[in-house]
Structure formats: C-alpha cells, structure tokens
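Visitor: Quick paste of what TrEMBL says about this protein:
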- 387-397: compositional bias 'Polar residues' (COMPBIAS)
- 403-418: compositional bias 'Basic and acidic residues' (COMPBIAS)
- 387-418: region 'Disordered' (REGION)
- 67-86: transmembrane segment (TRANSMEM)
- 140-162: transmembrane segment (TRANSMEM)
- 193-213: transmembrane segment (TRANSMEM)
- 225-246: transmembrane segment (TRANSMEM)
- 267-284: transmembrane segment (TRANSMEM)
- 304-325: transmembrane segment (TRANSMEM)
- 363-380: transmembrane segment (TRANSMEM)
- 426-448: transmembrane segment (TRANSMEM)
- 460-478: transmembrane segment (TRANSMEM)
- 801-824: transmembrane segment (TRANSMEM)
- 933-953: transmembrane segment (TRANSMEM)
- 1099-1118: transmembrane segment (TRANSMEM)
Amino acid sequence: MDMAASSTSPSLGWACDAETILSSWWDPDMALQLPTVTRLPNHAKTLPNQQDDQDNPSSKKPIQRGLLAICMIFTGVGAIGGPLMQRLYYLHGGNRKWLSSCLQTLGFPIMFLPLLVLYAKSRSKKIPKSFFIERRLVMAGLALGLLVGLDNYMYSFGLAYIPVSTSSLLFSTQLAFTAVFALVIVRQRFSFYSVNCVVLMTLGACVLALHTSGDRPPGVSRGQYLLGFFITLGGAMLLGLSLPLIELSYRKAVRVINCSVVMQYQVLFSFSATVFCLIGMAVNKDFQAIPREAKAFDLGEVKYYAVLVCSAIIWQFLSIGSLGIIYCTSSLFAGIVSALLLPLTPVAAVLAFGEKFTGEKGMSLALCLWGFSSYFIGVYKKSTKLRPNTESVTNGPDSMEEVANKGNDHGPQEEEKKKGNKWVPILLNGVTMVIGTVASPLMSRLYFLHGGSRKWVASWLQSAGFPILLIPISILLLQNRSKKKPITLIKPKLLMASVSLGLLVGLDNFMYSLGLSYLPVSTSSLIYATQLAFNALFAFVIVRQRFTAYSINAIVLMTVGTVILAVRKGGDRPPNVSDGEYLLGFFVTLGGAALLGFILPCTEFAYTKLSKVITFEIVLQFQLILCSTATAVCTLGMLINKDFQAIPREASAYGLGETKYYVVLVSLAIASQLLFIGSLGIIFYTSSFCAGVLAATLLPLTEVSSVIAYKERFTAEKGIALALSLWGFVSYFYGEYEKSKSQNMAPSSADNTRPKNSVFHTTQPLGGLQIMSSNIEAGTEEQNHHHPNNHQKKAMTKTTLLIFNAIILSIGNTAGPLLIRLYFLRGGKRKWLSSWLETGGWPIILIPLSILYIYRRRRSKEGDCAAAKIFLIKPRLFAACAVLGLLTGLDDYMYAYGSSLLPVSTSSLLISSQLAFQAGFALLIVKHKFTPFSINAVVLLTVGALILGLHTNGDRPANESQKKYFVGFFMMLAAAALYGCVLPLIELAYMKAKQAITYTLVLEVQLVIGFFATAFCTVGMLVNNDFKAISQEGREFELGEAKYYILLVSSAIVWQCFFVGAVGVIATSSSLHAGVLIAVLIPVIELLGVLFYKEKFNAEKGVSLGLALWGFVSYFYGEYKNQKVENKELVHAEVERPHT
C-alpha cells in the first residue's frame, strides 16, 4: 500500500470509498484528472495501521456516510439560511454591505473545535505532523479567501437592493462561470449534458430580466435594483472563479488532503475573506455604525446582533459544505449542488418575506431543474459506460479522493463495497450545498428587505462563518490522533491558491450582495445561474473540460433563457429601485456569476495541480483559508465603508427588530458557509463543472422559496427561462449518460455481440423509400449482393429527390405566408378565399403527371398493364388521401384566419410549433423513434413559440384589438396542431398503401389531397359568398385589380409547391423530417417579413428565432450521428456477409 492511502485518516475513508465508487460511474472527463499526482514514489513507507484499515473496511461505513451527510446538510443550511438571514438584515434596517459581507466568512472560528478534536486524535496516534495543512495550501487558502471576501461583499451589496429569490437566481449563474473557469483552471472535461445543463441554467437566469419593476423592493430605485442585479451577477462570476481555484489548490497539494486539511483550509480561506471584509468595514466605518444600526434595527437591537451571529454561522456552514463537496468531488459538482439548492431559497424567501414568485422566476426555475436533470442523466450514462472496463477507459483518477486509493487494489469484493458508499460523500456535500444555496440568498434578501443596506456586511457574512469549519477539522484531528493516523496539513501551494481564491470569492460575494440589493431574489438567482456558462468556458480553458453536443446544447439553452429575462425588465424591478440601479444590479450580478464560473475551475485546478493527494481534511482547510481570505476582503470593504460603525444603527432600525437583525446576519453567515463547504466537497469528489451544474440546478428551489417567502412575482418570461434551464439540465445529464454508456461498451464485446447482418434489421430514419424498398425490392437481396452499385444508385436517386422536394418546399413555405399577408394588408379580407388558394393550384400537378405518363408509356413493354394506367393510385390510398384532403382544407382555413390577424413573423413562429405536435402524433401514429436530438429540437421549437405569447401588445397591429390578436394567435396554434397530425397520417398512408411508392404516386397523392382540400374550401366560399365578392374586392385592392389576380394566382402556385415538396419529403424521408424542414425556414420568413412589410422584430421574436435555429441544429446533428452509426453497421454487415 502506498503512502497516499496510509496517510488518510479513518474519517477520510468514507471519501476514499465513495470516490472509488464514483469512478465506476463518474465520467473521467468530468472528474478531476490527476494521473501524475497519484504516482507515489516506490520508497513510500507503509504505516502500521494501514493493514487494520484494509482488513476492516466495513468499520469505516458509518463515518463515511456521516461525513458526507454532514457536508450536504451544511451546504443546504448555508445555501438556504445565508441569503435569508442576509436579506432579513437588509429588510429591517441593515444597510452595511461590508458588514454583511464579513458575516459570510466571520464564523470560521467555529472550525477550531473540530480541528482541535481531530488534532487530539492525531496526537494520540503519534502522527501529528501530517495533520497540519501544507504551506502551499495555506497560501492558496489565504489568497482565495480574499476573493471570497470580495465575492461576499458583492453578494451583500446586490442583496441590499434585490429580493432574495432574485439574488439567488442570479447567483445560480455561478455554475456557468464555474464551468468556464473549471475548464480553464482545472481542465474540467465536459459532455453534452454538462454543457446543456450550463446553458439551461444560464437561460433560466436571463429570463428574470424581462420584467424588473414588479420584482423591485418598495424602497429600491430602478438604478439601485440594476446595480444590485449586476453586482450580484459579478459575485456569481467571482464565486464561479473561486471554486475551480479551490479545486486547483487541492490538486496542487503535495501531501494527502484529508478532512483536517480541508477544515484548516476552510479556516484560512474564511480568515482571509474575513480580514478582507474587516478592512472594508474599517474603511467604511462600519464598526462605528454597528451600534447605531443596531438601535435603529426594525426588529430590535438584540435581534440585530442575533441576526449577525446567525448569519455568520449559517454562511460558514455553506463554506464548509462547499469545500467538502469540492474535496469529495470537484468544484463543478459543488457549483451544481449550489445551483440545485437555489429553488429552496426562493421558496424560503416567499415564505419568510412574502416575495412574489413571478412567471419569469417559475420559468427560470424550470430551466434550472431541467438542466440539473440533464447533468445527472449524463453522469449516469457515463457511469454505465465505465462499469465494465473502467480502467481501460479512464485516463486518470476521477477525483482527489481517488488519489488516496491509488494502488490499493482490494479486489472485486472491496470494489463492490466501495461502490455502495459512493453516494455518501456526494449526497452529504450536495445536501450541504442545497441548504447553503437556498438559505443564503433568502437571508441576504431578508437583511436588505427590512432595513439592511450594507453591501459589505452582506458580503462579509457569506464567508464569515468559516470558523464553523474548525469543528469538523478538530474532529478529524482528534480522530487521526486517536487512531494514530498522520495529520495532514494543507500544502503551501494549495494554501496560496486558497488565499487567492478567497480574494476572488470575497469580490464575488460583494458583487452578489450588491446585485441582490437591487434585484429580487428570484431575478438574482436566475442571473447567477449563468455561472454555468462561464464555468463551462473557464473549465474548458483551465482544466481542459471536454464538451459534447449535449453540454453545448445546455449552455445555449441557458444563455437564451438569460436573454429572455433581459428582454423586459420593468415588471420585475422592486418599487424603490430605479431603472439604472436595476441594470447595475443586473450586470453586477452577471459579473459575479462570471467570476464564480472562474472560481470553480480554479478551485478544481488547485486541487489537481497543487496537491498530490487531496483528502477531505485538506478540503476543509482549503475552505477555511478561502473563506477567511474572502472574509478579510469583505472586512476591508466594511472598514472602508464604515459598516462596523453602522451595524448597531442598522440593527436598531431594522424592520424585524434588532434581535432578528443579528439572527439574520448569523443565519446568513452559516448558510453561506454551508454552501461553500458543499461546493468544495462537490468539486473534490467530481469536478468544478459538476459543482456549477448542481448550483444552477438548485435555481428552482430558490425561485419557489422567494415567491413563497417574499411574494415575488413569477412572470411568464421567468417561466420560459426556467423551462429552458430545465431542458438544458436534462440535455446535460442525458449526455453524461450517453457518454458513460458508450465508454462501458468495450470494442471487443461490441464486436462479439453484434448480430450478423444487423444493418437489415436497423430502423432507418427515412420512411417513404424504405417502404418502397420493402415492397418492390423483396427477393432482390441476392442480386444486390452481386451488384453493390445498385445501392449507391438508389441512394443517389433518393438524395436527389429529397433535395428537389426540399427546395420546392422551401419556396412554398417562404413565399406563401408573405403573399397571404400581402393579400390581407392591401385590402383582402376573404378568409375562405385565402384558404382556397393554398390548395387551389392542384391542377398544376397534372402537367408533371402527364409528362411522367408519356415517359412511362414509351419505356414500357408491350402488354404492360401497369404502364398503361393513367393513375397508379389504388382505391385504398385514394380514400386515405381524400380524408387527408378534407383535414388539409380545414387547416388551410385556420391558417388563413390566423394570418389575417397576425404579422408574418409571429404567425410563422407560431406555426413552427407544429413540429411539437407532429412529434407527438408521429410517435402515436407511425411509431416514430426519437433521439435525444430530435426531442431537444421539438422542445426548443415549442418553447420558442410560447415566448411569442408572453407579450401581445407590442407585436399587435395598430388596428387590431387584443381579443382579435389572441383569436389569431390560437387559430394559428390550432392550425399548427392539425397539420402536425396530417403529416404523420400521410406517412401512415404510405406505409399502408400496399403498393410501390414512386414519385409518380407521390404526385398523385398530392393531387387527390389538393382536390379534396380545395373542394372543402370551395364549400366554405359558397356559404360565405366569396365568389361574388372577388370582383368587388379586386376593384378595391390597393395595388390594383390586375395585381390582385396576379397575387391570387401566384399564391395558388407557390402553395402548391409547398404541398408537393412536403409530401415528397415525407416519401423520401419521414414526416418528422418534413416538419423540421418547415420549421427551419422560419428565419427566412422572419427576415422577409421585416424587410418587405416593416414588421417589428422585438426581443421575443429574436429569442424565439434563436431557439428555433438551435433546435434545428440539434436535430440535424442527431441525424448526422445516426447516419454515421448506420454507415458503420453497413460496413460491418458487408464485411460479414461472405461468411454468413
């Protein structure tokens, strides 16, 4: 056994076992890559107690699970309680930002208690030297503490102007920043699911910016709200930077990082952050203001100090949990846990403070939840791929804990035991992150809502609770001493990294607090969810995080969701926040999210590069140093801002009373510390990107909590952004699942289990010509075997027909809506006539049918009855086409009615939702098989259509009432649904035709459909007397009578091109493919509508267009991947064919 394993304490055994199990499912690309760290020298000595630990692995299980549960609980308590206490401080008269920032790390002395316990145990075992943190970790913790102190101030500053729910949602963007920084700092590898998760959370945060006025607290101006918004976002960015830096410091540690080292790191981290905030308080004269603020606190002077103490303690819980999660997994996973806890924060804020839960918050919440689901689906799929052949797939250990297990081959039974404990440390740190993520913004918003206005105080509270880390560190020290385990101390490099990250965290806290002072908690939380995008970027650069299509999809979705929030900001702004303050809060919060996205990869990088062995003790020490440094940064800000002097005054003037003021502060500090602990633990066990994804996933809980606690509004934009975030999460986790699944399949096993000639049993994505092949090519397999060029010729013919039909479909789909709208704009008002024109050009099909008939007769042999037939369609297919024609006629009328009331751009985007309906009907009618990419495209197009319904006044034509606009809106949506049913029915008719599907038959099918659809509309025209009104309408047409009839004829021809192309694409491919092509032409229609008719192209249309385009990219990328798989199977079948 090597020294890495022997130097870990029994309390770390749970982490080792858990992480070893993590390697069975966790993506090696997602986890911390430490191949060089684990290679210990050959002369490493074996400690006497190693054999006992190896012989009794089951004795570690209670401690293992307990520590994991504690970290997760700490993170949850800190994440939820911290923002609540901080907001309580602000709500009831507190206004010292430096004070609130200092409270976030001021609770670090609590960590001395567990550290003393652990040290006593280590002394009893006569191995005290390894207990202490190494110098490099000391320096890293102090440096990171300064960052944390700054981040605390930013968070406190933002929370002074924005609600808890908004602040929490903004701060959830730290996941994006964490992903980016984790990529840059710790070379975090990404999958499609992780990137997708990042995108969804980012989009969810952006939704909050759509309506800001209704979310702005009463006493906050718009400018203050914006200031708090952007400061909070900046704090999220700084936090996203701090987490990867913490992980990096762990990785760079020379000695084993155990629980005691992690606690010491947390003490140093929090100490540095506290000092930073204390300096700020001194400069700001907060110490002199504390007595006055306490006397003026709404809840009373006693409660004022109680709020401060509780905030410091709660924030420290968050720090402990975050560092523990980074230690157990990675900085990314810590960010993910933080984001996952966000939904609880808005719920708690709604319950505690009566904040509104608007539709934007709901949508943003949904997006984050979906993104979180996406991330873990990806993790699951990745783990399933890794199980059969883990060592052959992985390039290095998955986390810091694996370093301690390197070389410890305990056999399959031991590995199975370790797998059973895998979830313990992750769940523990996750729960800690949940509590801290949800509670921290709620407490911070509570502080600002009831009179708290000190941004540095709120920032200080986010890391001031780091003394709490002394408790677990002391326990680990005593435990090591009692079992004669070596005492592991943080290394100097890791110490320096933690100090540096602490500085960033301190700045990030301030940005978050500043943004939260102007933004609602839900808005702030959703904006902070963009940290996932930044996290992904920095993780790619710093830790070489690898991305997949799923993770990229998640990032894009979250970004779009964030853009949705920025479209409209008036309704979400608190009453007393000006527009400028709201914008300031918005961008500061966004900056905080970016900084957080940088911190998380830096933390992972610190774990991987600055320490050979990372244990939970080192993680706690790292967190201690980081939080202490962040607290120091916020302390400096409080000193500069004189927050310490203002705290007593603020407490006395606090709205909830002085006692509750201090309770809020203490709770805020504890909750924040729990968030830090959980985040660091997640980074340790997984990666910084995983921490960012988890942090963004918690967004829904924060949103709901803020709506319940603070009665914050949940607008439609927030709901859509939430949905996008949720979808991004699902995409991310499904990508992780797919990745793990493919990695689990060894090449040898895949070759041995592949069925012979499996290509002939594979379901093809193209429908029509496959059906034709089954009907007319049966029994020709042997002939095709001797003539392989026949397959190439048929494929070339099918591709040519597909391209041709796609072209004419594009012409009809782009020109048709423009001509219909031109008809209505220039005086036309006959809806049945415009419906009739969509299929009235069916006689044109007789021209190509006649040419094909003559060509068929010339090439036919004498006595060929089939060639002599004028029409090839059989009665069975004819009857089906007749019914489809009637449905098409009804659909034409609904479309024409909607087009008469809606702009071209709006109607086109609405009609694109037919793809969603078509997907559902294709699944029911033709049993169409979906891929994650096609499902993703369907969802995105549907969400894009829903965005248009959020705000109708700005897009409604001047001469139309809102009622007519809604009628047109829903008529267009119903037309999309009906046509989504018609296309699969056409494909079903092909499948049930019992005859060869040739292109001649395709034209005959369209001929019959067009005839009956025109007949249906003709009846409507007769009933409505449209034929009599045509001549009069032509004379009154604005462009002239001649152009009137030219317009009618052109419309009939153009629409016929569309229908011919549609049925042709269905025959050569599938109904879903046709629907995708119809929707992909939306950007062209949008552009032409704006160019020709000067229609407004508002933000909602832009976002909807972006979602539609991204959905199309997703669909065709999926088709490309499916085609690659089918080609491989075809090659394999051709190779095996001679042997069968």
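Counting starts with 1 at the first residue shown.
In case you wondered, yes, glycine gets a Cβ from its N, Cα and C as well.
Map these features onto the structure and tell me what's around them.
Guide: Remote same-chain residues near the transmembrane segment (267-284) are listed as 96-99, 101-102, 104-108, 111-112, 115, 133, 137-138, 141-150, 152-153, 246, 316, 319, 323, 454, 456-457, 459-460, 463-467, 469-470, 473, 490, 495, 498-499, 501-503, 505-506, 509, 621-644, 646, 673, 676 (criterion: CB distance under 8 Å, separation of at least six residues from the stretch ends).
Beyond its flanks by at least six residues, the transmembrane segment (304-325) meets 67, 70-79, 81-82, 85-86, 88-89, 92-94, 99-100, 103-108, 110-111, 148, 152, 243, 246, 262-263, 265-266, 269-270, 293-294, 297, 333-334, 337-338, 425-426, 428-433, 435-437, 439-440, 443, 447, 461-469, 472, 616, 619-620, 622-624, 626-627, 647-648, 650-652, 654, 656-685, 691 of its own chain at Cβ-Cβ distances under 8 Å.
Counting residues 6+ beyond its ends, the transmembrane segment (801-824) has Cβ neighbours under 8 Å at 834, 837-838, 896, 899-900, 903-904, 907-908, 999, 1047-1048, 1050-1051, 1054-1062, 1064-1065, 1067-1069, 1074, 1077-1078, 1081, 1084-1085, 1088-1089, 1092-1093 in the same chain.
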Visitor: Restricting to CB pairs under 8 Å, which listed stretch, 67-86, 140-162, 225-246, 460-478, is in contact most with the transmembrane segment (426-448)?
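Guide: Looking at each of 67-86, 140-162, 225-246, 460-478 in turn, the most contacts to the transmembrane segment (426-448) are made by 67-86.
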Visitor: Which of 67-86, 225-246, 460-478 has the most Cβ pairs closer than 8 Å to the transmembrane segment (140-162)?
Guide: 225-246
Visitor: Who are the chain neighbours of the transmembrane segment (225-246) in space, where the CB to CB distance is under 8 Å and they lie at least 6 residues beyond its ends?
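Guide: Cβ under 8 Å, 6 or more out: 140, 144, 147-148, 150-155, 157-162, 166-167, 170-182, 184-186, 188, 209, 212, 215-217, 265, 269, 322-323, 326, 331-332, 334-335, 455, 459, 497-498, 500-502, 504-519, 523-524, 527-528, 530-531, 534-535, 538-539, 542-543, 569, 573-574, 577-607, 622-623, 626, 630, 679-680, 683, 688, 691-692.
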